[in-house]
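Asker: So Swiss-Prot has the following annotated:
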type	residues	note
MOTIF	12-22	motif ''HIGH' region'
BINDING	Cys143, Cys146, Cys156, Cys159	Zn(2+) binding site
MOTIF	339-343	motif ''KMSKS' region'
BINDING	Lys342	ATP binding site
DOMAIN	581-684	domain 'tRNA-binding'
Amino acid sequence: MTRKILVTSALPYANGSIHLGHMVEHIQTDVWVRFQKLRGHECYYCCADDTHGTPVMLAAQKQGIAPEDMIAKVRKEHLADFTGFFIGYDNYYSTHSTENKQFSQDIYRALKANGKIESRVIEQLFDPEKQMFLPDRFVKGECPKCHAQDQYGDNCEVCGTTYSPTELINPYSAVSGAKPELRESEHFFFKLGECADFLKAWTSGNNPHDGKPHLQPEALNKMKEWLGEGEETTLSDWDISRDAPYFGFEIPDAPGKYFYVWLDAPVGYMASFKNLCDRIGIDFDEYFKADSQTEMYHFIGKDILYFHALFWPAMLHFSGHRAPTGVYAHGFLTVDGQKMSKSRGTFITAKSYLEQGLNPEWMRYYIAAKLNGKIEDTDLNLQDFISRVNSDLVGKYVNIAARASGFIAKRFEGRPKDVSGSALLAKLAAESDTIAEQYENREYARALRDIMALADIVNEYVDANKPWELAKQEGQDERLHEVCSELINAFTMLTAYLAPVLPQTAANAARFLNLDAITWKNTRETLGEHAINKYEHLMQRVEQKQVDDLIEANKQSIQTASAPVEEGKYEKVAEQAGFDDFMKIDMRVAKVLNCEAVEGSTKLLKFDLDFGFEKRIIFSGIAASYPNPAELNGRMVIAVANFAPRKMAKFGVSEGMILSAATADGKLKLLDVDAGAQPGDKVG
């Protein structure tokens, strides 16, 4: 049965470049969409630039151009980057569109008519220097729940909590740095708390198409935490309005009031699809009416789960539309075990990757080989990237065609033999359903492992039958024809399995194989005596220099203040730090559960620490000062809790930094904590 499916990726914001972190999500989505299309389903992939809000307005002002001109330029750049990585959108649109304005206003009116909108006079933070009300993302401060520093005014990127900017501790304006003032303003609220019963049912429910949950298990657990237990709910009503000046859509019958960007951004999915429907004649209502029998899936990052699993389904349902079939979240991208860094050159933009001449399918394959259906971070290990691409794609896959095609062309007029009874091909075809299920469930890593295991079987067959030797032997033409025909058919099957991940290679292979296109049917069907064309090289190896040049091209000089050592006993005091700099550091008391020496290191000690709210492992280079590390067990220490995780060579990942004092003789001493302090207590 042919399925009707609408798929989206989260909308990239229109004030920055596309980087490999964005690409993780769009590759994940594109692979899934291409798989559905290969299976013959009616599947549409829509996305758009997220264009509204104060950041865009201020960025355009800084450039001296109109916001409309800036977002048009950025959209063109974004689309070029995604197209360069073979992301096959059916439509890539903009949230600043007539369709999006209409849908946003219609949904607002429907929610209002349904009693889900109310106006309130609120106290809002106002920047006295810039004379403007501050949007949530332009207020920063300390999270009121987990006390992480330097968090935005609408949600915490550490614990995921959403809140009002007035709830921030020690807030400051991200525009001017000034301490904001509270002033009154009328705002409009979506009464999300009244939607709790629906959301509890939807988040814990299954979709009717295949019985699978709407959310991943990790996401559902988070929703239960946010929704509360029983009849109680912790959901807060959602402020959906912002004051002028603001770049966005004005709220109907409310001059000077604009829709908050997070209201019209997901509506952009509808707008992009509607634009596509109008162009090619699709029935839009069939996909968005309340009783729709079609499927709709959103692929997103874990940091925007709250918006997509709570606000968005509630907005849709209570405005008379269908809710999503599934919301699939993924983790963040790290590079070599660490957060992407501009100074290290690992904050890699899509444009630089393409401009350096690297094959985008190398990255598509590597990212897909790391992805599964869970909400887990993905690490791009650059050495592993080189070795895996060269081993799997060049060594195992494309070489199969290269080793057989020449004999077919020269000895058999480019026409393979009918080998439909081949045991080798039967083995490959037998995995079609299993690999299809893995793609369907977004278990790409498992799918690609199984595909490469099949490639290993084919290469073992090559080594066992040695076509290059058969070609030299008298009377072995028929056997040579049979072996090479099996290899060409095996290559075709492997290409079909890999086509969702390697669309350009599959298209090039289709030309070589003299096929209109590769489809999923090619995982089971043989070519028969179908004539093929002359083989053309399909993929080059990754060279170390290419990766080195890529990293160098992405390095940005970041000036850091260094404190030169003054002659004598003490180091010179470092350059003055402002209050805001200090507030970025989140220091906590932690209890040492276990401390031990690190095998293979003369400097490191491994600390198992209890922070109260969670347990972590931190490595510290103080082994010389504590020859008996077990004596530290049970001790309280002070640690930087929001220090970016660091990969410590072969020893593991360090999840923070323990504070110590450097004595005049060069030894490091842990800082003492007074009696009564508990794990998790803030220091400052």
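Cβ atoms are placed via backbone N, Cα and C, with glycine included.
Are these features on the surface or tucked inside, and what are their neighbours?
Answerer: Using DSSP to sort the residues of the motif ''HIGH' region' (12-22) gives these counts of helix, strand and coil: 3 helix, 2 strand, 6 coil.
Reduced to three states, the DSSP call for Cys143 (Zn(2+) binding site) is coil. Note: Cys143 (Zn(2+) binding site) has non-local neighbours Gln149, Gln151, Cys156, Val158, Cys159, Thr161, Tyr163, Leu168, Ile169, i.e. same-chain residues 6+ apart with C-beta under 8 A of its own C-beta.
Here the motif ''KMSKS' region' (339-343) has long-range neighbours at 19-21, 332-333, 554-558, 644-645, meaning same-chain residues at least 6 beyond its ends whose C-beta is under 8 angstroms from one of its own.
Secondary structure at Lys342 (ATP binding site), as computed by DSSP, is coil.
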Asker: Sort out the residues at least 6 away from either end of the motif ''HIGH' region' (12-22), same chain, that have Cβ-Cβ distances under 8 Å to it, and list them.
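Answerer: Sequence-remote neighbours of the motif ''HIGH' region' (12-22) are 47, 49-51, 55-56, 59, 70-71, 74-75, 77-78, 81-82, 94, 332-333, 335, 340, 347-351, 353, 363, 380.
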Asker: Ranked by the number of other Cβ atoms within 10 Å of their own Cβ, which of the binding-site residues Cys156, Cys159 ranks first?
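Answerer: Compared across Cys156, Cys159, the most Cβ atoms within 10 Å surround Cys156.
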Asker: Applying a 10 Å Cβ distance cut-off over all chains shown, what neighbour count does Lys342 (ATP binding site) have?
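Answerer: That number is 13.
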Asker: What other residues of the same chain, not counting Cys143, Cys146, Cys156, Cys159, have a CB atom within 8 A of the CB centroid of the Zn(2+) site?
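Answerer: So the extra residues in range turn out to be Pro144, Lys145, His147, Ala148, Gln151, Glu157, Val158, Gly160, Thr161.
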Asker: Name, in the order they occur in the sequence, the residues of the same chain whose CB lies under 8 A from the CB of Cys146 (Zn(2+) binding site) and which sit 6 or more residues away.
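Answerer: Looking at Cβ-Cβ distances below 8 Å from Cys146 (Zn(2+) binding site), excluding near sequence neighbours, one finds Cys156, Val158, Cys159, Thr161, Phe613.
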